[in-house]
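**Student:** Following this message is one structure expressed as structure tokens.
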Amino acid sequence: KRQEASRFNCFTPTAVNWYFDIREREYGWIKPENTVNVDEGGIMAGFGLDSLVVGSSDPRKKAFLKGSQSRTWTSFIEAVTATGRLLKPGIIFKGKELQQQWFIDELKEVADWYYITSDNGWTDNHIAIEWLREVYLPQTQPGDESDARLIILDGHRSHVSPLDNGVFNASKAAYRKELQKLATLTDSAPVDKVNFIKAYAKAREVGMTKKNILSGWRVTGNWPISRRKALMHPEIQPDKKETTPASDGRRDGQVDSDNTPKTSRHIRDLGKNKSPSTRRRYSVISKGFEAQESKIASLSSRVASLEEEVGRLSRGKKRKAIPNPNRKFMTLAEALVAGDAISGPNQAAEETEAVEEVIEVGGVEEDEGSNSEAEELPVARTRAGRAVKRPRQY
């Protein structure tokens, strides 16, 4: 299973302890029915699973698994409570606005889902606010108005999100199986919005069960709240040890008086534990050093800019590569090898005209003006000067 590198790098005992310190201290009193995990997922509409198929054992024959292979991206926002309750999803289609033909009477069982469109198929600030107002708040209204509600969001930096631990994986696998069934029934027809809704509705029934949801909450230690469970997660990474160079008791950045200072800070450090007048002198030297550093940085930037400009000018102006007039195509390799050997536009035009004036066929040169049969043809000669016999005309 592939995962983002940032998830592994940030899912450390330090991050887990920091999270549970806040969770236990500030929000541990919130009821599980009011504790909601929200996450966004996405699916390519036409991609199924790698699977086994029945085919011929003859190596000369290939077996193919048909499918639409559509790359249309559709996102969904799912939310689950710590008691295993699944909220109505928010579906985000890629497009400008919703179309009436996407929804048919057969989709009555998902008529209470929420649909919206975006330019890229992902959520944005506007969609997030709309989801809070139209989807989340009405479905999570607590029985006691004094009760608070807690949302646990996936920050793409850890694995403490219940939906990201088994729930989404099971539903996506079920969705891809539904795509395979659809491909066999519809002869690889494109997976449109209607078929996507049908397949995803069945996938939610299989993957987002109460058992899977409660398992996700339990394995991440979010409910019941258990720091130990999260620290035992199989994908947790050890904390990175900060390696510092060996020192002889001096603070980092401080240099010995025998070493040549390389920065203004090093100069200031040399003046520490000295008399006030000495520290002032070191401070003046440090300011002068900073001024020189700034000047050098500015000049270095200027030099780099000029070097880039010189390199650009040395490449010369853009020139059109003149191909061989007897060929239409010119490969990239030919254009690169030609370089300066490519003739200039005027020279190439003259050579082209010369080629057009004399046409050589089978070692015989013919003047273009002698194409007419009505005119008396001149004696054709070879390059050695011998006359060429002409066939008799009957």
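Note that Cβ sites are derived from N, Cα and C of the backbone, with glycine treated the same way.
As annotated by TrEMBL, compositional bias 'Basic and acidic residues' applies to 236-254. Look at TrEMBL and you will find 362-376 tagged as compositional bias 'Acidic residues'. The feature compositional bias 'Basic residues' is assigned by TrEMBL to 383-394. Annotation source TrEMBL lists domain 'DDE-1' at 71-159, 160-217. According to TrEMBL, the region 'Disordered' annotation covers 229-282, 362-394.
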**Student:** Determine how many residues of the domain 'DDE-1' (160-217) DSSP places in helix, in strand and in coil.
**Tutor:** 46 helix, 0 strand, 12 coil
**Student:** Quick one: DSSP breakdown of the domain 'DDE-1' (71-159) into helix, strand and coil?
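**Tutor:** For the domain 'DDE-1' (71-159), the helix, strand and coil counts are 24 helix, 24 strand, 41 coil.
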**Student:** If you average per-residue pLDDT over the domain 'DDE-1' (71-159), what number do you get?
**Tutor:** 85
